[in-house]
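The structure appears right after this line, and notes come after that.
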């Protein structure tokens, strides 16, 4: 009777409870069992409480229970029927399904995150491209307007320079025409000077050829005026030299062009020293009251010297934009 009662009581106990009772009968602690089986104390505790660790497969759990049973001297055949009915096996079977659903949910969330990231990236690239295009278009429009203004000013300058050219040609014609009678009169005046020592010839010449003497006298009278015209024309180079002398000014602005370039130069008084298009291999010398304000359409096409020193335009060349700078007396360009 006692044997049957003990057998029924053992069947009523779970696997974990039977292992715990056997351990206590042998006087072993959970720490001692864990050290002998090379397990964690938490794993031994879960086995005794009939819990299936989430990170432990059912195959390993069965192996740990068998090792635990051999340690506490419980036959494995008595535990195998109970292992089939215990919750740890069912939990082990359900765990992979849960992990699969979690992985699927995580993958879906990562997909949404990646889509949002690509969307933000495309928006940033689109905004950057739109901003660059607007800036480039604005620069092109500004260069076009400046070129139109320069062409209009060139046309006005050409229309105004036509009468100036005609007046200069007429002045040159008037200046050159008196020179021929001056030379002839000079020769005529020299011939009487040679024949002057012959007193006997003078009455005959006066009596025979009075018209020639009249011509000589009339030609001799405008000779001072003719001789004064070259003297008056002689100061013209000095006037031209006076015009070019400002190039020696220490505040002179010297520009050499390696390509076609539009520019506008204004001095401190607001006077436009130059506004128009300069061609390749051209140079320009300007003088005025500092500081100078410059607006250059193609900074890479011009080399500027101010006060004998080159002006740095590299920052405008790198950005490929219209250069707006001010040259003061200390030669410190500022945009």
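Keep in mind that glycine also has a Cβ here, set from the backbone N, Cα and C atoms.
Ranges compared are 30-49, 50-69, and Swiss-Prot records DNA-binding region for 30-49. The stretch that Swiss-Prot tags with transmembrane segment, taken from the ranges 70-90, 91-111, 112-132, 133-153, is 112-132.
Same-chain residues lying 6+ beyond the ends of the DNA-binding region (30-49) with a Cβ under 8 Å from its Cβ atoms: 15-17, 19-20, 23, 56, 61, 64-65, 67-68, 71. Over the DNA-binding region (30-49), the average per-residue pLDDT in this prediction is 87.
Taken residue by residue, the DNA-binding region (30-49) breaks down under DSSP into 16 helix, 0 strand, 4 coil.
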